[in-house]
Amino acid sequence: MAAPSEVAAIAPGEGDGGGGGFGSWLDGRLEALGVDRAVYGAYILGILQEEEEEEKLDALQGILSAFLEEDSLLNICKEIVERWSETQNVVTKVKKEDEVQAIATLIEKQAQIVVKPRMVSEEEKQRKAALLAQYADVTDEEDEADEKDDSGATTMNIGSDKLLFRNTNVEDVLNARKLERDSLRDESQRKKEQDKLQRERDKLAKQERKEKEKKRTQRGERKR
C-alpha cells in the first residue's frame, strides 16, 4: 500500500488521462532518461490506458529500447507500470466517490422538485372542499370519497413522475460520462498512432547512427 506522501504525489488531476501526479512524475522520469517527454509521454500514457496488463511491459520495452540499455530496460518499465497501478487505485476510488455524490445530489434535487405538485394539490383540495361546503352540493360521505380518490390519484401520479424523472436524469448523467470517456479514448488513440510513427523514425535514426559509427570504427582499424 502506498504511503500518504505517495498517495498525495499520485492524486488525480486534469488533462493527462490518469492523474496529474503521475503525468508530472513520468515527464521527470523520461527527461532524466534522455527521452523526449513531449513525444513519448502521451504515447506511454496511451499504452498504460489502453493495453491489457500483460501487454504493457512488452509495449513499454518496445518504446524505450531505443533509449535504454538492455540491462536496465526491464526494471525501468516495471517501475513505470507499478507507479501507474498505484495511481489508478487512487483515481478509481475518487471517481466512485464523485459518481455516488453526483447521483445523491441529483436525487436530492429531484425530491425537492416533486414536492411542489403535492403542495399545489393540497391547496386545490382545500378550495374544492370550501366550495362544496358553501353550496352543499354533495353529502359528507361523497365528499370524503372524492377526497380519498383525489389523494390516491395524486400520490400515484407523483410517484410515477418522480420515478421517471429520477431514472431519466441519472441515465443522462451516466451517458454524458460515457461520451466523455469515449471522446478521450479516441483522442488518445489518434495521438498513439502519431507517436508510433515518430518512434519508428527515432529508431531508424538510431540504427543509422550505429551503422555510421561501425563504419568509422572499421575504417580506423584498416588504417592502423
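The backbone N, Cα and C atoms fix where each Cβ goes, and this holds for glycine too.
In the three-state DSSP scheme, Lys95 (SUMO1 cross-link) falls into the helix class. For Lys95 (SUMO1 cross-link), other Cβ atoms within 10 Å of its Cβ number 13. Feature annotation from Swiss-Prot assigns SUMO1 cross-link to Lys95; the stated evidence is a large-scale study or a structure entry.
Sequence annotations record features per position, and here Swiss-Prot assigns coiled coil to 121-145 (among others) based on sequence analysis.
Per Swiss-Prot, the feature compositional bias 'Acidic residues' maps to 138-149.
The feature region 'Disordered' is assigned by Swiss-Prot to 138-157 (among others).
The feature compositional bias 'Basic and acidic residues' is assigned by Swiss-Prot to 176-211. Residues 17, 39-40, 42-43, 45-47, 49-50, 63, 66, 99 of the same chain sit 6 or more residues outside the compositional bias 'Basic and acidic residues' (176-211) yet have a Cβ under 8 Å from a Cβ within it.
Under the heading region 'Disordered', Swiss-Prot lists 176-224 (among others). Across the region 'Disordered' (176-224), the DSSP tally of helix, strand and coil residues reads 48 helix, 0 strand, 1 coil.
Feature annotation from Swiss-Prot assigns coiled coil to 177-218 (among others). Per-residue pLDDT, averaged along the coiled coil (177-218), amounts to 81 for this model.
Residues or ranges marked as compositional bias 'Basic residues' in Swiss-Prot: 212-224.
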